[in-house]
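Summarising the annotation, TrEMBL assigns substrate binding site to Arg48, Gly49, Ala50, Arg91, Gln196, Asn247, Lys248. Residues or ranges marked as coiled coil in TrEMBL: 104-131. What TrEMBL records for Cys157 is site 'Transition state stabilizer'. If you look up TrEMBL, you'll see Asp237 marked as active site, proton donor.
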Amino acid sequence: MIDLPRTVDFDGERVILVDQRKLPQELSFVECYDIECVASAIRDMVVRGAPAIGATAAFGLALHSKRIGAEGRDELLKELRRAADILRSTRPTAYNMFWAIDRVMRAAESSKDAEEMRRRVEEEARSIAEEDVRANIAIGEHGKSLIKEGYRVMTICNAGSLATVWFGTATAPLYTAKMQGIDFEVYVLETRPVLQGARITSFELKRAGIPVKLIVDGAAGYVISEIGIDLIITGADRILSDGTVFNKIGTYTLSVLAKEHGVPFYVAAPTSTFDPLSRREDVRIEMRDANEVAVINGKRIAPDGIAILNPAFDRTPPENITGIITERGIIGKPFEEKIKLIGIRGASP
Ligand SMILES: CSC[C@H]1O[C@H](OP(=O)(O)O)[C@H](O)[C@@H]1O
């Protein structure tokens, strides 16, 4: 499944991004030669999905360190700090980007000269990217046991990843179960307004030979109550130490339906999504442009002047979550002590 181009890559001179605003079958790329282009690509969702935007930010810093002709250590570090601030201002909710930027900046700050700084910044960015590919495969291995013969599974959005835009975090267990010969089907929520489910997840699962039924977000309750769902798996943009999950808008709603109907609700995410220090009230839910809701393919679908609220994420409380599938294993309740253990010592759950 990794024969498709990676969601984001860096060839030493430019950051190359699969343009995820397009349908996957219309495969096209955006090439960035400066940090402003990388920041715009994150803000405009050319690249989206928490781990992928983390790796993109890291590659953006590597690109910036190469473009800036600064000879002195301090001058280059100052420039990288400026670039890091530009990246941090793009999207506030997904944690992986802040985690990746901090990791690259620690490598920069511990470098003794500009030459070492450029080398270590690029090395750290590439490590972050390769770790995400491995994490997805591991999440698939750990999560596959949840999927049984004949299951009906539901998912929302596209838990995108770095591996490729077609090998997502929440779908990794689905691929792995399929490759093990398990037969099941997946109901994919289209995920208004940006339609990541319709455009990306349905494509990637169909491409993997997994039976897919695409539904509108509002049909989730009907499918769960009238047809029946055996398992729900979603991605995550940020997971707090108590197991609170910030994810695509509609995830909380799905978790309430799952709880009401006794459907196991799992979240799949690499541990780079874990935010051990923030409290719920510290996390800002991104409010995106009203036109994402009111305009589809350039055609307005709502009256002019209508007030529009467009939160990109919501918050799911730990009591609605059955377990968290990570590259180190599946975390069950109580989440707090296990998440802290992973965060502190990198232990397996
Ligand atoms: C592993 S991707 C996690 C997460 O990111 C997506 O948001 P967006 O498409 O706005 O970047 C979605 O919430 C996924 O579940």
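Cβ atoms are placed via backbone N, Cα and C, with glycine included.
Structure with TrEMBL features highlighted.
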residue : record                             : DSSP class
Arg48   : substrate binding site             : coil
Arg91   : substrate binding site             : coil
Cys157  : site 'Transition state stabilizer' : coil
Gln196  : substrate binding site             : helix
Asp237  : active site, proton donor          : coil
Asn247  : substrate binding site             : strand
Quiz item: Near the coiled coil (104-131), which residues from the same chain, at least 6 beyond its ends, have a CB less than 8 A from one of its CBs?
Solution: 6, 8-10, 12, 54-55, 57-59, 61-62, 65-66, 70-73, 75-77, 80-81, 84, 162, 270, 272
Quiz item: Of the recorded positions Gly49, Arg91, Cys157, which ones put their CB under 6 Å from ligand 1?
Solution: Gly49, Cys157
Self-check item: Cβ packing number for Gln196 (substrate binding site), 10 Å threshold
Solution: 26
Self-check item: For substrate, whose listed binding residues are Arg48, Gly49, Ala50, Arg91, Gln196, Asn247, Lys248, the greatest C-alpha pairwise distance in Å
Solution: 17
Quiz item: Do you know offhand how many angstrom separate Arg91 (substrate binding site) and the residue listed as 'active site, proton donor' by C-alpha?
Solution: 11
Exercise. Would you count the other CB atoms within 10 A of the CB of Arg91 (substrate binding site), including those on all shown protein chains?
Key: 23
Quiz item: Given the binding-site residues Arg48, Gly49, Ala50, which one has the fewest other C-beta atoms within 10 angstroms of its C-beta?
Solution: Arg48
Exercise. Using C-alpha atoms only, work out the spacing between Gln196 (substrate binding site) and Cys157 (site 'Transition state stabilizer') and round it to an integer in Å.
Key: 5
Quiz item: Are any of Gly49, Ala50, Cys157, Asn247, Lys248 (the recorded positions) within 10 Å of Asp237 (active site, proton donor) when you go C-alpha to C-alpha, and if so which?
Solution: Gly49, Ala50, Asn247, Lys248
Exercise. Round to the nearest Å and give the CA-to-CA distance linking Lys248 (substrate binding site) with Cys157 (site 'Transition state stabilizer').
Key: 7
Quiz item: Can you tell me how far the Cα of Asn247 (substrate binding site) sits from the Cα of Cys157 (site 'Transition state stabilizer'), in Å?
Solution: 9
Exercise. Name, in the order they occur in the sequence, the residues of the same chain whose CB lies under 8 A from the CB of Cys157 (site 'Transition state stabilizer') and which sit 6 or more residues away.
Key: Ala170, Leu189, Thr191, Gln196, Gly197, Thr201, Thr234, Gly235, Asn247, Lys248, Gly250, Thr251
Quiz prompt | Whole-number mean of pLDDT values that fall within the coiled coil (104-131) | solution = 97
